[in-house]
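**Q** The feature compositional bias 'Basic and acidic residues' is assigned by TrEMBL to 188-202. Here TrEMBL flags 1-141 as domain 'HTH marR-type'. Residues or ranges marked as region 'Disordered' by TrEMBL: 164-202.
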Amino acid sequence: MQVNDAYVPQTPIEGVMHAFTRIGRRLKAKQPGDTLDHSAHVVLFALRCNGALRLSDLAARLELDASTTSRHVRSLEQLGMVRRSPDPADGRAFRVELTEQGVEQWEAGARHRMELLSAAMEGWSEEDVQTFERLMTRFADGVAALTEAPSSAAWADKGWAAVAPRLRRPAAPEERSTDQTSTADGDPANREHTDNNLESTR
């Protein structure tokens, strides 16, 4: 998907959504010096944070289905990054854990990505970095607390007309007296761009 980085969002919420679209496509891409793709790093991160996990528990933490998680595990197992061992609590099951090589790979990948983030924030004051970390953590907690995302059917039932008022940037007093409708909301190009961004975040 191509994203126009020069596009000017029409509301703060759309600005956040657009920024995450730009960030996501870059951070998920394989970076110079990476030996593993983004999905592999996510699996290693989950195992590094939680220790040995059953495949079902790992899938739940990754919010993936069992078959996709199993495919990632097999790939990392072939690379020597993870290993399977019998679950002491249930002989019929097995647990997945990092190998020493997997730990080293995750630490190297984490250092590399932190260097990239530090470079992206070059010139920021320490106060700005701390504020950004605090707000991002608050935002991540809010996202984690969501029990379900609006389905495509729900969006279709509500329609853009029902959703747009919540996302519209408030008009200035003089604008309200002459025109109660935001031209941005009526512009098919802007509406199409916003719809595409909404789709990309699902």
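Every residue, even glycine, has its Cβ placed from backbone N, Cα and C.
TrEMBL does not curate its annotations; it predicts them automatically.
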**Q** DSSP says what for the domain 'HTH marR-type' (1-141): how many helix, strand, coil residues?
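**A** So the domain 'HTH marR-type' (1-141) is made up of 87 helix, 17 strand, 37 coil.
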**Q** Just to confirm my parser: what is the rounded mean pLDDT across the domain 'HTH marR-type' (1-141)?
**A** 87
